[in-house]
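Beneath this line is the structure, given in structure tokens, with notes to follow.
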Amino acid sequence: MSFEKEIKRRRTFAIISHPDAGKTTMTEKLLLYGGAIQMAGSVKAKRSKKFATSDWMELEKQRGISVTSSVMKFPYKDHEMNLIDTPGHQDFSEDTYRTLTAVDSALMIIDCANGVEAQTKKLYEVCSLRKTPVLAFINKMDREGKDPFELMEEIENTLGISVTPVTWPIGMGDRFRGVYHRLDNKLLIYDKDAERSRPVPLKDLSLDSPEVVAELGEELAETLQAEIELLDGAGDTLDRDRYLRGELAPVFFGSALKTFGIEPLLEGLITLAPPPLPREAQERAVDPMESKFTGFVFKIQANMDPAHRDRVAFMRICSGKFERGMKSHIVRLGKDQRLGRPTQFMSQDRSLVDEAFAGDIVGIHDPGVFKIGDTLTQGEKLHFTGVPVFAPEHFARVTLKDPLKSKQLNKALDQLSEEGAVQVFRPINNNDQILGVVGVLQFDVVQYRIQHEYGVQVTFARLPYSAARWIFSDDEDALDEYVRAQSHLICDDQHGQKAILLDDLWRLNFLKERFPKIEYQATSEKI
Ligand code: G4P
């Protein structure tokens, strides 16, 4: 297969949803269709097995939160699908946000009874900021939920995006019979026994034809006909360009649990969702078809396999072809590094990869050299943009129980901050170490990991700050003056970037008035 074809057949997407909307179930069904797993239940079963083997993940399991955003690859009809699962719990949203920087499109799952929930909204906002195209799947149609028209309206009003249904439900709850495919003009009838859909092509048939009435019964057939007429008359038509610009969400209905409505969705992912897109770097835009390999690290995960105490850096390939054993240039360090043990993940099974292409996500062994946001190239000095570090909202001072262990503590904090698990702020006025997290539960995880992975006992004293802002100014003198005046609140972050800690965001208004030349950012990089 030609190099270009290889890249064009890739789809790299993330699932975004509120917890319990059905992300895990959907993931499993997608893998099932792709033949990556044989049996429903495998993802969950393997996930819990994996958790049981890893201590800090055990902690998260006890809390009932899935924090690993796993990366899965599966084939579907000549396409290579890269699915990045994002943790749904809002406490770990920073990791989730970064995951979204590595994809070209998103699949939003909505529970038909609950509609657009808080976490979905938050995640959608990130997609919208980045203009990521979004497909929506309204799940759990085998249960009673909101009226489909109402759901369409809710998505439009709460998320501010136009919608157009590609499939439309026939009935709901106990009376859920399947979906009508508006583009293909066919009925997909839910077949309980086959666990798959049974297509009834409607070529040359209208919805009021005797065949359709015989299939659905008079009442459902009539309702369907009326609803489709309403949709055809009113809603947005499917304009792929608008979808690709992030302005319009094609909507699918179904039930992940009953494996219903998944095929049209997968078709949508290969026909509508974009192949790997160009990426912005500070220096220039990088096209996926460029022959030279480039990529960036969007996630580092420690101790995926406790037997090896390893760290894996997840890299999104942005252009060209990656080959096992190849040397790559880490731009930040200005040095070449052989990328060890490149791994891809099928469900939760790892396998070594010989080659991978733009769009693919590869896990590489990290001997402690990578940082989130690192650009890898074949020598060119490029810096991919858009992998932000978000301002923490909770802060604590770390205190060592045994002062002789400060070296180990520093090592732990350096590594955990590189991994993105915590942010470290060092006040310019004293020797404190202040930790910042976006979600408060992360303190427990970090404390547990410092103790178990680095053997250091620490206590955390919560501090009354509620925000941090990175500070910038074109005027160096103004910045110096500001830092002097506010020195009790100014810190260096782990990269030496100056930030101010705030007890209340209100204070910013006052500071902006007094020091008009200072700019504030809620991410350490503009998205
Ligand atoms: P999540 O990853 O988004 O958190 O959701 P997950 O797939 O774990 O699904 C949450 C619950 O919703 C599960 O039930 C799951 O079986 C159920 N579910 C998912 N899709 C559908 C659907 O299409 N129809 C119906 N009726 N239920 C669905 P649970 O009882 O919490 O877990 P389990 O014991 O079934 O695993």
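FYI, residue positions are counted from 1 along the chain as it appears here.
Glycine too: its Cβ is placed from the backbone N, Cα and C atoms.
Nobody curates TrEMBL annotations by hand; they come from automatic prediction.
Features as listed in TrEMBL:
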DOMAIN    8-277  domain 'Tr-type G'
BINDING   17-24, 85-89, 139-142  GTP binding site
Thr86 (GTP binding site), number of other Cβ atoms within 10 Å: 25
Least buried by Cβ count (within 10 Å) of the binding-site residues Asp20, Met141: Asp20
Distance-selected binding-site residues near ligand 1 (C-beta under 6 Å), from Ser17, Lys23, Thr86, Met141: Ser17, Lys23
DSSP three-state assignment (helix, strand or coil) for Ser17 (GTP binding site): strand
